[in-house]
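What follows is a single structure, written as structure tokens, with notes after it.
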Amino acid sequence: MDYTHLLPYEIWLNIIDFLDKDKYNLYLTNTNFFSLLDYSREYFNLIDFIIETKSMEVLKYIYQSKTNGLIRNRFVKNITLNTSLLTSCQNGNILLVKFFIEKGANHRYSEDKPLGIAAANGHSDIVEYLVNGGANIKSRNNYALRFAVKNGHYNMVKFLIEQGVDITVFDYEVFYTSCEYGHYEIFVYLMKNINDIKKLNKKRLLKKAFKGGSVKIVHYIFNDILDVYRMFYHSMTRSELKNYKLLNIIGKYGNHDILEYLHNRYQLSDTNNIAQVAALYGHFRIVKFLLDKYLHELNLNQLIISACDNGSIKMVKFLIEKGIDINTIGNSCLSHAILSGNTDLLHYLTNIGCRLTSLENFFMKNLVSFYDIETINYLRNYITFDDQHYINTIMSTSMYCGIIKLVKYFVDKSSLDYESYICGIISNGHVNIIKYLLNQNKITKQNITITINNSVILTIIQYGHIDMLKYLVSLGINICINYALDRAVSYGHLNIVEYLLELGHNINEFGDLPLRSATIANNINMVKYLVSQGANIYIIKDNPIYLASIHGHVKLVKYFIDLGSDYHKKNELPLYVAIINNNLDVVKCLVEHGCKTKTTFFDPIETAMEYYNNEIVEYLQNNEIK
């Protein structure tokens, strides 16, 4: 008997909301509770939940009850057999896989995606079942092998290779993947099945192995694959090592065990770079190891600045204990600590004597963008220059960055000539800053009118600041529409183009410039809009088909042909430029739409041969038109 109707609708809603994810179990308690689905206020995939919990009996009941209106609308209506099959392959339930295939799911759906997902998750029984059913293990560019290797499923990798999958695809990608993810057994097995070891990129192998952190793989590479002994000698020049950038990878990913292995085997070179990278990424153990073993080679000042970039108080303290004179680099440490966003580090550095002696623009942008007023005011106590200069710099940077809360706070504290900042604020599109300064009588509309020139307007348009453009127009600023429209078209700002034309101008007033710019930029949406506004495609001197052909924009070539242009039939230039620019797609498009391959101006086949365009030669020979 169904008792769900005994409680009001609102109470069931509260129960369902309270249960959160456990509500799924409530729905599946018995068949009567299915009716609670009508009370659900959210969309969810209960079928996926059933698959994940491997509730075969519930699944069978649902499919046997398709005539039930609730089940039909809430389950079967939204069930996709193929996607349910994929979920089953991912969860590794072969019974469900067989169930959905029996119900009509395509076991080779989306180029054998079920097999690929099962292989990626290491479900050998499902893979074997699908292969026996005709699935192709090589589909989707060896998807099955590539992801089995990535996820470390050794038995799966072995099975796929035994079935004949190609381990060389994508330039031996699986070898590098096994190194990157540290799967030693898989890497060794792959090496045993390679025919030509020289095909492997040795530098790439090492880079991936250093990133993956497997000492076993690194040892195998050194002992069994390549001779890189000299790479780590002191005799190797810094420029050579910089080109390899191999050891820096250890610093970046913090693989201490590999670093120690290399140290025990070789005398490492350029350890200063490794240490700086490790400090930058916060790998304390690497930095400590290098300080212990190679102290005399390290630039401690550079090292502590990298540690400040990372924001690591622990590392900064450790380096100071090594004897760094903080007074000599206090400004740099504070400036780089600002980049880290770590307020605690700023406090620590100021407490031990660091002071700001200069205000570099790059650091000030970070200061106003990522710190609160309290921290900015705090730093005022630790500067070695005039406080007013600090306030003015904060204010000017805040205006350029559009930080309105800081502008409001410092507006009456600074001694700036705000008129001189109008161009910069407007160029950066900060309408709110300009309006605020106007309201505070720090600038006037006349200041804006006198200051703004065409160059500033074009900069606004280039960066897509449409709100600023509209605001300036509302102030009566004159816009040179011709240049403005061309800039908006060239940079793909369709909303600005629409706005400029809404000001009452005809698109053909400006000659061929807008359509030409849109065509060169390969912006088909812009071209379509301009045409919809009445742009005449024949206004372009060289014809749009020629212009699109010379730049290789095949979609635009076809679009202009579809609009009715037959320039390519009467003129040989589009085909000529497509051939000499080796653009087969454009050549095909022109020929398929009536362009002759026998011309008086030039011989297309001979021209293609002259430019060594073999594919075009073959195509033209097979599609020769008198």
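Think of each number as a place in line: the chain as shown, counted from 1.
The backbone N, Cα and C atoms fix where each Cβ goes, glycine too.
On a predicted model such as this, the values are computed, not experimentally measured, just so you know.
Under the heading repeat 'ANK 2', Swiss-Prot lists 80-109. The repeat 'ANK 3' annotation in Swiss-Prot covers 110-139. Annotation source Swiss-Prot lists repeat 'ANK 4' at 140-169. According to Swiss-Prot, the repeat 'ANK 7' annotation covers 242-269. Marked as repeat 'ANK 8' by Swiss-Prot: 270-298. Taken from Swiss-Prot, the feature repeat 'ANK 9' applies to 299-328. Taken from Swiss-Prot, the feature repeat 'ANK 10' applies to 330-358. Marked as repeat 'ANK 11' by Swiss-Prot: 393-416. Positions annotated as repeat 'ANK 12' by Swiss-Prot: 417-446. Look at Swiss-Prot and you will find 480-509 tagged as repeat 'ANK 14'. The repeat 'ANK 16' annotation in Swiss-Prot covers 540-569. Residues or ranges marked as repeat 'ANK 17' in Swiss-Prot: 570-599.
The DSSP breakdown of the repeat 'ANK 16' (540-569), given as helix, strand and coil counts, is 19 helix, 0 strand, 11 coil.
The average pLDDT computed over the repeat 'ANK 12' (417-446) stands at 95. For the repeat 'ANK 10' (330-358), the DSSP-based tally of helix, strand and coil residues reads 20 helix, 1 strand, 8 coil.
Remote same-chain partners of the repeat 'ANK 17' (570-599), defined as residues 6 or more beyond its termini with a Cβ less than 8 Å from a stretch Cβ, comprise 542-543, 545-546, 548-550, 552-554, 557-558, 561, 605, 607-608, 611, 613, 615-616, 619-620, 623-626. Here the repeat 'ANK 7' (242-269) has long-range neighbours at 203, 206-207, 209-211, 213, 215, 218-219, 222, 229, 231-234, 236, 275-278, 280-283, 285-286, 289-290, 293-294, meaning same-chain residues at least 6 beyond its ends whose C-beta is under 8 angstroms from one of its own. When Cβ-Cβ distances below 8 Å are used as the criterion, the repeat 'ANK 3' (110-139) is approached by residues 82, 85-86, 89-90, 92, 94, 97-98, 101, 145, 147-148, 150-151, 153, 155-156, 159-160, 163-166 of the same chain, each at least six residues removed from its ends. Panel annotation: around the repeat 'ANK 14' (480-509), residues 454, 457-458, 461-462, 464, 466, 469-470, 473, 517-518, 521, 523, 525-526, 529-530, 533-536, 539 of the same chain, lying at least six beyond its termini, place a Cβ under 8 Å from a Cβ of the stretch. For the repeat 'ANK 12' (417-446), DSSP puts the residue distribution at 21 helix, 0 strand, 9 coil. For the repeat 'ANK 2' (80-109), the DSSP-based tally of helix, strand and coil residues reads 21 helix, 0 strand, 9 coil.
Residue counts for the repeat 'ANK 11' (393-416) by DSSP state, with H, G and I taken as helix and E and B as strand, are 16 helix, 0 strand, 8 coil.
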